[in-house]
Amino acid sequence: MSTPGEYYRSLPPVSKTYGVACLMTTAAFYLGLYDPSSIALYYDDVIKRFQVWRLITNFFFLGPFSLPFAFRLLIIARYGVQLERGPFDKRTADFVWMFFFGALSLLVMAAVPFLWSRFMGVSLVFMIIYIWGREFPNAQVSIYGLVSLKGFYLPWAMLALDLIFGNPLMPDILGMVAGHLYYFLTVLHPLSGGKFIFKTPIWVHKLVAFWGEGAQVNAPVQRDPAAGTAFRGRSYRLNGTRNNTSEQARANPQTQQPNSDNGAAFRGRGYRLGGQ
C-alpha cells in the first residue's frame, strides 16, 4: 500500500494543483488569514475598485470544512484525475484550457443577476463531473454503495442528491451548462462534421511549457526539458490531421517531403521504396 506522500506525488499536475489550492484556501480561512468576502465574486468591486483577483480567487473556495467540502475534493481527486489520466493523457495544455474555458463561461453566466453566486468553485467542480460522465458514459458508478448506475447519469444523480440534501441547485446546473458547452465545441461538433475551431490558445501551451509539468502531444511551443518525453510514435491533431515523427522520417527518407502547411504530412506524388 502506498503512503500518502507517494499517492500525492502520483497525482497528475492539474488536478493536484487545483485540489491543493482549494484545500489551502479553506484551511487559511479557518486560520483567520482572510475574510471570505475579500475573495468573493463581486462585479462592482471588480469594475469600480479594480479588484480583479476576485475573478480568479472565487473558484478556489469550496466552502467551510464539512461533508460537502470533502465530497467536492473527492470529486477532484477521482473524476478529475481520471479525466487527466484518460481522455486528456499527454494533453496537459488542453486540460488546463478546459478549466480556463469553464471559469470564463461561469463568469459570463454570473453576470446575469439571478445566476450570480459569490463563489463559483462548486460549479467548476460539477463541470468536471459532467465532462467525466460524457467521456465515460458506460462506466459503472456506485453511489454510497446503494445505487449503481452508468457514468452518463452521474451528473443527474448528483443533482438529485443535492436536491434531497437541500443544497442549492443553481451551482450544479451552471456547471452542467459550462461542461456541455465545452464538450459540444470540442467533441460533438467536430464529430458531426463541423470544423474544429475551438483549439487551445497558444498562451496556454506557453503557460504549461513554462510550468514544466505534464505533457502535450504536438505542442506548438518548446517544452521545458524537465517535463520529460511527452510522446513517441505517430501523433494526431485534434482536427484530424496527422504528423509523422522523426523515427518515421528516418525509416522512409524517400517519402519525406517539406511540410509547409498546417499538419500536412505529405504532398505531391508518392514513390515506393523500390524507386518505382
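Yeah, the Cβs are placed from backbone N, Cα and C, and that goes for glycine too.
Per TrEMBL, these features apply:
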- 238-262: compositional bias 'Polar residues' (COMPBIAS)
- 236-276: region 'Disordered' (REGION)
- 17-34: transmembrane segment (TRANSMEM)
- 55-76: transmembrane segment (TRANSMEM)
- 96-129: transmembrane segment (TRANSMEM)
- 141-161: transmembrane segment (TRANSMEM)
- 173-191: transmembrane segment (TRANSMEM)
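Below 8 angstroms of C-beta separation, residues 126, 129-130, 132-134, 169, 172-173, 176, 179 of the same chain, each at least six residues beyond the ends of the transmembrane segment (141-161), sit close to that stretch. Listed as Cβ neighbours of the transmembrane segment (96-129) (distance under 8 Å, sequence separation of 6 or more from its ends, same chain) are residues 14, 18, 22, 36-37, 40-43, 55-56, 58-63, 72, 75-76, 79-80, 83, 88, 154-155, 158, 170-172, 174-179, 181-182, 200-201, 204, 207-208.
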